[in-house]
Amino acid sequence: MKVQLLKIPSHLIVAGSSWLSKIIIAGVQLASISYLISILGEEKYAIFSLLTGLLVWCSAVDFGIGTGLQNYISECRAKNKSYDAYIKSALHLSFIAIIFFIALFYVFSGVISAKYLSSFHEILQDKTRMLFFTSCLVFSSIGIGAIAYKILFAELVGWKANLLNALSYMIGMLGLLYIYYRGISVDIKLSLIVLYLPVGMISLCYIVYRYIKLYHVKTTKSHYIAILRRSSGFFLFTLLSIVVLQTDYMVISQRLTPADIVQYTVTMKIFGLVFFIYTAILQALWPICAELRVKQQWKKLNKMIGV
């Protein structure tokens, strides 16, 4: 007698791993608050919180290349075509993008930080510009590194992306715990680097690994144009979303007291955990739906969306 094993749809496996990953990440972020307040104090943690608001802004540093690449990978998989040239082209373009944004941050960090962190001028004194610039660099590494996760999701192994993402946050938390229990005196900049730099570095290491594998792959002008054309729409959408959803940090940086900023940060992290439930499903379904669209399997696509 043959036993028929229950086959779990791949998108549910990815969504499940994403939920677990997001729970771990949210847990790390919530747990880190008490340690950071103990290390930095309430006022400096409020500054730390405002700087973490730049994380979402820096998600736009890839110019939408990651999402555009993800769609091309899904389409090529549906047609059984190689997508290596698209990946290599996207990585070249992302390198140019990060250089552009580093230069942009370097030039305008002084002006923007003077306004954004104006309520904390007495605490930061002449450190405002460098602190803001360093934060942008760290969060930009996360923004560019997200391309690695887009590749994995498009290849329908999103659970690997979720595993790496959760692992990177746990490494950051371990670094923070080491500082706390060793009684090491650190400032805002070093605390931010310890907690968030591993998140960017792990994904960037995977990007380097993929690029080495594609070193001998030839690219053409059409590959670059295709990626740029597809990415521009996603970049515009991301930019508009950020302007609408992240304006709150500009307001609270000018209006709220340090204690209120801390309370707001905790509330938003709890709300973010609920929002992750939706984004996990969307993230898992996106590449599968893209492949089904190319194959014109509308019945299966409609059924999957209805799940």
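Including glycine, each Cβ sits where the backbone N, Cα and C put it.
Whatever TrEMBL says is automated annotation, not expert-curated.
Feature annotation from TrEMBL assigns transmembrane segment to 12-39 (among others).
Per TrEMBL, transmembrane segment is recorded for 45-69 (among others).
Residues of the same chain lying 6 or more positions beyond the ends of the transmembrane segment (90-112) and with a Cβ under 8 Å from any Cβ of it are 58, 61-63, 65-66, 68-69, 128-130, 132-133, 136-137, 140, 144, 147, 207, 210-211, 214, 219, 224, 227-228, 231. Residues or ranges marked as transmembrane segment in TrEMBL: 90-112 (among others).
Sequence-remote contacts of a segment are chain residues at least 6 beyond its ends whose Cβ falls under 8 Å from one of its Cβ atoms, and for the transmembrane segment (132-151) they are 51, 54-55, 57-62, 65-67, 69-70, 73, 87, 90-91, 94, 97-98, 101-102, 105-106, 109, 112-113, 116-117, 158, 161, 164-165, 189, 192-193, 196-197, 199-204, 206-207, 210. The transmembrane segment annotation in TrEMBL covers 132-151 (among others).
The transmembrane segment annotation in TrEMBL covers 163-181 (among others). If one looks beyond the transmembrane segment (163-181) by at least 6 residues along the same chain, the residues whose Cβ comes under 8 Å of a Cβ in the stretch are 17, 20-21, 24-25, 28-29, 31-32, 35-36, 38-39, 148-149, 191, 194-203, 206.
TrEMBL lists 193-212 (among others) with the feature transmembrane segment.
Annotation comment: TrEMBL describes 233-252 (among others) as transmembrane segment. The list of residues near the transmembrane segment (233-252) in space but at least 6 beyond its ends in sequence, with Cβ under 8 angstroms from a Cβ of it, reads 50, 53, 56-57, 59-60, 63-64, 67-68, 116, 260-261, 264.
What TrEMBL lists as transmembrane segment is 272-294 (among others).
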Counting only residues at least 6 beyond its ends, the same-chain positions whose CB falls under 8 A of a CB in the transmembrane segment (193-212) are 32, 36, 52, 55, 87-88, 91, 94, 134, 138-142, 144-149, 151, 164-165, 167-169, 171-173, 175-176, 179, 186
Distant-in-sequence neighbours of the transmembrane segment (45-69), which means Cβ under 8 A and at least six residues beyond its ends: 33, 36-37, 86-87, 90, 93-94, 97-98, 101, 116-117, 120, 123-124, 131-132, 135-136, 139-140, 142-144, 146-147, 149-151, 154, 188, 191-192, 196, 227-228, 230-239, 242, 245-246, 249, 252-253, 258-259, 261-262, 264-265
